[in-house]
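A quick write-up on the structure given underneath.
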Amino acid sequence: MAELEGLEFGKSDFVLLDEVTMEQFMENLRLRFEKGRIYTFIGEVVVSVNPYKQMDIYGKEVIEDYRGRELYENPPHLYAVADAAYKAMKRRAKDTCIVISGESGAGKTEASKYIMQYIAAITNPSQRAEVESVKNVLLKSNCVLEAFGNAKTNRNDNSSRFGKYMDINFNFNGDPTGGHINNYLLEKSRVVQQQEGERNFHSFYQVLRGGSDELLKSLYLQRDPAEYAYTSQGASVTLASNNDSLCHKAVMAALKVIGFTAEEISSIYKILSTILHLGSLQFTNDGEHVIIVGEDTVKHISELTSTEAENARKTLLYRTVATGGGEVIEKGHNEKEASYGRDAFAKALYERLFAWIVGRINSVIEVKDYNPALHGKNTVIGVLDIYGFEIFDNNSFEQFCINYCNEKLQQLFIELILRQEQDEYQREGITWQHIEYFNNQIIVDLVEQPHKGIISILDEACLTAGKVTDTVCLDSMNKKLGQHPHYTSRKLCPADKTMEFNRDFRIRHYAGDVTYSVEGFLDKNKDPLFQDFKRLMYNSSDPVLKEMWPDGKMSITEVTKRPLTAATLFKNSIIALVDKLACKEPYYVRCIKPNEVKSSMLFDDGRCQHQVAYLGLLENVRVRRAGFAYRQPYARFLQRYKMTCEYTWPNHLMGSDQEAVEAIVNQHGFEDDVAYGHTKLFVRTPRTLFTLEQERSALIPILVLFLQKVWRGALARMRCRKLRAIYTIMAYYKCYKVKAHFWEVERRFTNVRNMADYGKSVEWPTPPAALVQFHRITQHLYRRWWARQLIKNIPPSDMAEVRAKVAALSALSGERVDWGYSRAWERDYLANAKDSPLTSTNFVRITKELKNKDQYSQILFSCSVRMLNWFNNTKDRALLITDKHIYRLEPKKHFKVQKRIPLDSMRYSERGIWTHSAALQSELPFTITYTHTLNLQFYPYLYVSHVSSGSKSRCLRERRRDKRLGRTNCSIALNLTKYVTLQYIFFMLQLSL
């Protein structure tokens, strides 16, 4: 830090002072204040001086400078202690707390806000919506609580008139998951009375000056605070730092962000306006009874509280009392009692409203559905912002409680920072020179000791039957506490004329002597409120009001246990608070008020020296200089830093953890900066720890990579073993599927030899993927075997016809449904009496004549044909093919020969058709086509035509015409490329049969 700030700014840590004296301490504090350095360290304690001006040291850039850095890496700042508390919580999973202390006006509230803002800024880097929602509620709650719990005092424009302790819960990632707010001793007497120059709570002035005209009209309010008794005293007091109108808008927005409904917000402002109207009520005596001046105000109050106007009027004027015999009577108030009841009701309304607002905020931010096993350890950072030590001209019961609270917090500071630290050095056997300090336990005992303390005396007086006055109570304190060194009164010290007889007593606090006026002590301690007011509010139709007054449901005749007094309740809550803080690792912000006139230039030496003295800051410096900045059990230190030493990583083989820690320290050369206790290592300067943290941070990525490498290797080996197992299982399963397929095929085809169809009807099983190709080969082999079984029974004389049919099957597959495979192919169909019963005799005669004439040896083929001419006309003809000629015959003229073509003149062209040699010369293909018509069953008709390349369209038209006439096939050209003998042509021409 000395390197970060020049010497012209003084010492940034009071531990670095040349001599620990009050003079040097004050000189350094003054120099830093004048140079604009309002923060100074005492080790891990931050001393903050209120600058009374806005300073540009809280922006985003500054937050980034302090994020994740050690205390000594940057100049002193609130952000440094906030980050230290956050790191301790996150690194060691340890609950921490930040205790902000100092007298009123020293800047505690602002310090707590900056700490909250810093924690909100450094958490939730992934911007998760639910975490952002929690952060917004935590931040906005400050605005609401300040409005309803803070007020302007003579010492402070924004003084907290209540104590606030906020727990912020974090998950294992270090992101806030919720929180809880505890409030302590709201100064409700301020609602009805303020000292000169002070104001009521901010909320009243904000609604009057910032509320819309419609809102004020609905609440029956006027905009001028001077119109109302409870705010008239502070109406003329102006605030330099706050604008009531703007603050009202901010509070309204914050209430909506937190989650208050429109009905709840409306109820809040109705209660505020009810309190203002109560202050305007006046009582007078008409001779017999007390009456209310201005019945309209009562109607407004009843309407705002959703109660009956008559019930409200009776509650203000009468009190219901139960007699010993169980009889219930109404007792009228006198003017004083009515005014007292009105003020008590107003105070109770505001107190319960504030408690309800805190409870409502807690219901929103509380951690819900938390499961440690599922969500990990839940850690906490506590922030305490509580009223500071107060010394006024007139100190009453509230100042007594506030100063007692500060005594308890000072005791905690002494216990944790001074006494426990020195005790720990002695317990661990560390050489240590004892430092004297003032222990304020004697003052705490003066206030809270059972049966002897001031609170016990007050409670005893409140419980005593009969008329017990404040003076009687003061006499009792004088008798019981007269010998106490820190208590005195005018009766015990008659020469001290600064106190009045039968009114004042004085306590010598750690922060100075405070004179208290006993007037009103007993009433404020009893905190009485007539049961009638409680029942009135409980019977309200407003659910918010009803919820605030659960004790109003009891009947007047019900006997209840006497409630605890206000002082006892406060004492119990403060003891619980101190116990809660004691179980956390504390971080301190000690606030100092530089002057009483709120000047940013004036440094009052006497005023500041008094605060330094009673805060024990000088003793803190001495302890820190003589002590050690860091201590840790050997096992925990070793666990965190063992990777920085080759002798301790990954596990040491030494006799004890202390020896292993010594090895780490010796390797880094820190022998002169540490001390070894019985169970802990003590490190004197933070820089030693910083060096270890730096080396650890550099090694962590290497270790992470190493662990990732080892783990990835383990994962890879696991995957490899799994894959090997998978492949083995797959191989065995495939083998099983193959065998199962073979077994199934064998089972199905075992008896195919004995079947009539040789297994043709047997369904093949679906093969596995590995046997698809093998399955096709097997089926092919089976089909060949099956064909062989059929063919071997066919006589050799029929084989030629079978071969022809097989060839025709290949050529006409898919072209015709019925192509005559089921009948015998006889070739000479015109001579067959079965196929041509009318013309067969005549045709046989003609063929004999042609045989004699042309000397052919056999008829290869004969059938009826239909000839297509150039003009798309058809004529029936007969076709006769012998082994020497092709004849075209006229069937209607007794098969007269129209044309005779020698067979050896036919040629097979490259176009895949048979042509006449004469046609080759004229380039006109001679095409043989066939068709089969429905009206001439079983008889083939051949189209024999001369078709040129330009006449293809005519053939297409013929095909369409055949289709239109219902013929099963259009005319198609015969492709003879697969046949090498003319005999096959004739077999092809018989296919239509």
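Here, residue 1 is simply the first one shown, and the rest follow in order.
Every residue gets a Cβ built from N, Cα and C, even glycine.
Over in TrEMBL, the protein carries these features:
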{"type": "BINDING", "residues": "Gly102, Glu103, Ser104, Gly105, Ala106, Gly107, Lys108, Thr109", "note": "ATP binding site"}
{"type": "DOMAIN", "residues": "9-697", "note": "domain 'Myosin motor'"}
{"type": "DOMAIN", "residues": "814-993", "note": "domain 'TH1'"}
{"type": "REGION", "residues": "574-596", "note": "region 'Actin-binding'"}
With a radius of 8 angstroms around the mean position of the C-beta atoms of Gly102, Glu103, Ser104, Gly105, Ala106, Gly107, Lys108, Thr109, what other residues of the same chain does the ATP site pick up?
Asn50, Asn156, Ser159, Gly388, Cys591, Lys593
Mean of pLDDT values spanning the region 'Actin-binding' (574-596):
89
Can you give me the same-chain residues 6 or more apart in sequence from Gly102 (ATP binding site) with a CB-CB distance under 8 Å?
Ser48, Lys108, Gly388, Phe389, Arg590, Cys591, Ile592, Lys593, Gln611, Leu615
Which residue counts does DSSP yield for the region 'Actin-binding' (574-596) in the helix, strand and coil classes, in that order?
9 helix, 8 strand, 6 coil
